[in-house]
Amino acid sequence: MEYAVSVESFLSSLQRHNPHQPEYLQAVREVFTSLWPFIERNPAYREQALLERLVEPERIIQFRVSWVDDRGQVQVNRAFRVQFNSAIGPYKGGMRFHPSVNLSILKFLGFEQTFKNALTTLPMGGGKGGSDFDPKGKSQGRIMRFCQALMTELYRHLGPDTDVPAGDIGDGGREVGFMAGMMKKLSNNTACVFTGKGLSFGGSLIRPEATGYGLVYFTDAMLQRHGLGFEGMRVAVSGSGNVAQYTIEKALELDARVITVSDSGGTLVDEDGFTTEKLAHLAEIKNQRYGRVADYAAERGLTYLAGQQPWNVPVDIALPCATQNELDLEAARVIRNGVKAVAEGANMPTTIQATDAFLDAGVLFAPGKAANAAGLATSGLEMAQNAARIGWRAEKVDVRLQHIMADIHHACVEYGGEGKQTHYVHGANIAGFVKVAEAMLAQGVL
């Protein structure tokens with residue numbers, strides 16, 4: 001087999017083999033464009049078709065999910081599990097329930113997950129799954145029957161040393177509980193095969209808070225290394241769900257002034273900044289009433305920008321926590337005119353063009369595989385607690401989480417340059433790649 005001699009020939013070959021998968025191709029392009037100079041300096045990583053194997057999932061499982069709705073009608077959905085790479089441990093990654101779910105998105109997420117999990121320093125491989133099922137507006141009975149029907153096929157592909165899923169968009173603690181319960185019934189085994197579980201049956205403290213907390217821990221380390229900090233900074237947060245809420249909570253502890261949140265309907269702007277009391281009000285609307293940001297704005301008498309994202313609001317720090325590709329080149333051109341740092345709380349919320357614009361402008365930029373890895377890290381800590389049949393106090397989990405995020409930041413600096421300004425994209429990509437690649441080379445051609 002002839003191996004590609006340039007990044008463009010490698011990516012062209014990948015595109016021929018994966019047509020009509022834009023999200024996946026974007027993710028691979030972003031990683032390998034930054035990796036290629038490092039690979040050229042280290043030719044050992046071109047041996048054994050390592051790169052070609054690295055971009056091909058080890059296994060893709062696709063199946064139908066047939067279930068009965070509240071009216072007695074049979075519904076059919078499509079579901080997937082992409083078991084991407086197990087070189088350093090069992091496949092690990094969430095199950096996403098959303099109408100947009102397709103193979104391209106799940107391959108992109110599984111690919112990213114492989115490197116993100118490697119960065120945590122915990123023994124976890126990369127995987128991702130999901131279904132085009134939409135839980136919005138559906139009764140608890142419908143959601144339960146769907147989750148149970150899905151598990152009648154998925155259960156045979158899971159195990160504590162094989163594949164350990166978790167929640168994701170549209171798949172929270174309730175859905176994880178339904179799936180974990182059905183898994184236990186089908187397998188007659190109570191071993192840990194899901195993370196993100198409820199505290200009453202093996203969940204970990206700090207898990208709901210982890211991604212948001214970790215995003216702030218990493219961003220603060222990045223700021224501190226460059227002589228900055230959160231105190232007094234104007235912060236734009238996109239999204240208003242779990243990640244956004246706990247990002248705001250931790251940023252407030254560091255005396256930041258968070259002035260935006262958003263959802264698919266538009267953006268709220270609060271120039272006075274969030275407080276603990278305001279955040280509790282937002283959480284009550286979003287988590288208990290399942291309301292919208294517009295409802296919060298109306299009840300508070302605040303500015304609401306219908307149909308707009310937060311990026312037109314002047315800020316010092318931008319933390320995109322909503323969804324992929326929400327921050328494009330046009331938004332980057334606006335926001336970079338004063339922003340000092342951007343850190344990804346969602347998975348790939350910044351387009352390649354926007355990322356390049358930030359880096360060209362000298363803006364500190366933290367990619368999601370590093371900055372939002374804390375959710376995964378805490379999932380790994382949940383697996384460790386389950387394996388030992390113990391539960392740790394919240395303080396212990398939080399301390400471990402802070403250490404893990406500090407280690408990730410250190411690895412990014414080590415590989416991204418220890419000079420005046422670290423290139424965190426290169427650092428994160430190279431650090432994750434090296435760990436996975438070394439494991440694959442050591443294990444032979446598989």
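Any Cβ shown, glycine's included, is placed from N, Cα and C.
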Return the residue out of GLY167, GLY170, GLY172, GLY427 that Swiss-Prot annotates for the same substrate site as LYS92, GLN113, LYS116, SER379.
GLY167
To the nearest whole angstrom, state the Cα distance for the pair LYS128 (active site, proton donor) and LYS116 (substrate binding site).
12
Non-site residues, in chain order, whose CB comes within 8 A of the mean position of the CB atoms of LYS92, GLN113, LYS116, GLY167, SER379 at substrate
GLY93, GLY94, ASN117, MET124, GLY127, LYS128, ALA166, THR195, GLY375, LEU376
Could you state the CA-to-CA distance between THR211 (NADP(+) binding site) and LYS92 (substrate binding site) to the nearest Å?
16
